[in-house]
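Here it is, the structure, as structure tokens.
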Amino acid sequence: MTRIESRPAKGHNMNYSFFIDFEGKSGQHKVNDLMADLEKNCLDVMVLNDKKVPWFPRKINELDRSVANILDAGTDLESDHPGFSDQEYRRRRNMFAEIAQNYRQGDPIPRLDYTQDEIKTWGVIYKRMKEMWKQHACDEFNYIIPLLESNCGYAEDNIPQQEDISNFLKECTGFTLRPVGGLLSSRDFLNGLAFRVFFSTQYIRHHSMPLYTPEPDICHELMGHAPMFADPDFADFSHEVGLASLGASDEEIERLATCYWFSVEFGITKQRGEYKAYGAGLLSSFGEMEYACAANRPAGSDMPEYRPWDPSSACKQKYPITTYQPVYYVADSLVRICRFTVDLLVY
């Protein structure tokens, strides 16, 4: 059995309808026995249709299989990548990818010795973002950052270790980090959230352009994503999205991933009448956070469109991936985004 759902039966105040997905085909002996048993114990039994359920992990250690399906190995740099011609940078990228590839769920995350160039790159970004967080990050984020500094080594002159952050998050909300060598499919990535696991890259952008990266890196993961997973409401929302992804159709995955984009990546909430960022894409980008949240438009004259958080609308909204977002969805509070999101997206 891969899914069971119960609902009050229509027209029968005391009865319930059960919807069950299971692996098997009509005509098989075990399926025939199951149907006969159900017909003896239920008022009515109906086979709706044969449904092929995509593979999904049933145990947390099966995430090892998910990370084998990397779309971009993190080492295949495009010719316009800042580190394309830097052989030492490419060697480091290969090393990070190999560490992630050899990692197995449940193992301690290997501790990494970052180079001075890598630490300096992190420091440039961390210093710039700390100034912006005070102005434009949500209260929940700003509450967590000092805890990460005192417990996990977040600092301008230090790249924190993922093992320390993972242990901290586990104590806070049950979430953990898992190294990954590159980009995963939306399905595999969301499936991890169902087990309260966040797949995190370990490589860092090239030191020649510290304020630009063409792909998610450790600055995006640890400055943008990781802090919010220490917030119970945000963690519960992410968990619910992950659970909804298990066995979901391709169309449902697309809706969930788009909803994720406008919330976990680029979500905004309103606090004391001001726009505050809770999405990682904003919390790790000083330019777009200023563009999305500043009232006096210091980042330019263009005004994005702000819409109330509505997952049924957000999951259909088109979005660019190489420019600032023209549309942002604004949640009343983090505690409310979870309450009706998943039901609207999947069922």
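One-based numbering along the chain as shown.
Heads up, the Cβ atoms here are built off N, Cα and C, so glycines get one too.
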Taking Glu171, Glu252, Glu254, Glu265 as the options, which does TrEMBL list with His220, His225 at the Fe cation site?
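For Fe cation, TrEMBL names His220, His225; of Glu171, Glu252, Glu254, Glu265, the listed one is Glu265.
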Across the domain 'Biopterin-dependent aromatic amino acid hydroxylase family profile' (41-347), what does the mean pLDDT come to, as a whole number?
90
Given the Fe cation site residues His220, His225, Glu265, which other residues of that chain have a Cβ within 8 Å of the mean position of their Cβ atoms, reported in sequence order?
Pro216, Glu221, Gly224, Val264, Gly279, Ala280, Gly281, Leu283, Ser284
For His220 (Fe cation binding site), what residues in its own chain, 6 or more apart in sequence, show a Cβ-Cβ distance under 8 Å?
Thr213, Ala280, Gly281, Ser284
